[in-house]
Amino acid sequence: MAIGLNYGAIVVAALFHMVLGWAWYSVLFGKAWMKLMKIDAKKVEEAKKKSMAKPFGIMTIAALVMSYILAHFIRYTGSMSALEGLQAGFWLWLGFIATVMVNSVLWEEKPWKLYLLNVAYYLVSLLGMGVILASWQ
């Protein structure tokens with residue numbers, strides 16, 4: 001079954017995800033995230049010396065894939081409003097992000113605070129992406 005998708009909305013939703021990620025892990029919660037990740041000033045300086053093209057390229061592809069899949073989910077469920085987009089984003093977050101990322105606490109011994117910081121980012125991101133994709137078809 002062929003379905004029509006709004007590729008402009010998919011790109012905008014992916015950009016929203018990336019801009020939110022930049023703000024979340026720098027301006028809003030950067031210091032807390034660095035502390036929880038045990039990243040010090042020395043590691044930051046080392047990272048600045050490396051090219052960020054590869055990580056940003058991979059992140060861009062991942063954001064586009066996530067946005068594309070969410071657009072399909074929204075289309076298949078018939079979500080056509082901002083509220084329905086919020087619901088779609090929430091259920092996908094609960095089913096696939098919150099559950100899978102708990103493994104980092106259970107098996108990688110990451111702190112619960114880091115888990116909460118990370119899953120909250122994905123919650124806000126998927127809610128926003130859901131609104132964009134459901135509202136702009």
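Cβ coordinates come from backbone N, Cα and C, glycine included.
The feature transmembrane segment is assigned by TrEMBL to 6-34 (among others). Remote same-chain residues near the transmembrane segment (6-34) are listed as 40, 44, 59-60, 63-64, 66-68, 70-71, 113-114, 117, 121, 124-125, 128-129, 132-133, 136-137 (criterion: CB distance under 8 Å, separation of at least six residues from the stretch ends).
Residues or ranges marked as transmembrane segment by TrEMBL: 55-76 (among others).
Annotation comment: TrEMBL describes 88-107 (among others) as transmembrane segment.
If you look up TrEMBL, you'll see 114-136 (among others) marked as transmembrane segment. Residues 6, 8-10, 12-14, 16-17, 20-21, 24-25, 29, 32-33, 36-37, 66-67, 70-71, 74, 79-82, 84-90, 92-93, 97-98, 101-102, 104-105 of the same chain, all 6+ positions outside the transmembrane segment (114-136), place their C-beta atoms under 8 angstroms from a C-beta of that stretch.
Within its own chain, the transmembrane segment (55-76) is flanked in space by residues 3-6, 9-11, 13-15, 17-18, 21, 84-85, 88-89, 92, 126, 129-130, 133-134, 137, which lie at least six positions past its ends and keep a Cβ under 8 Å from the stretch.
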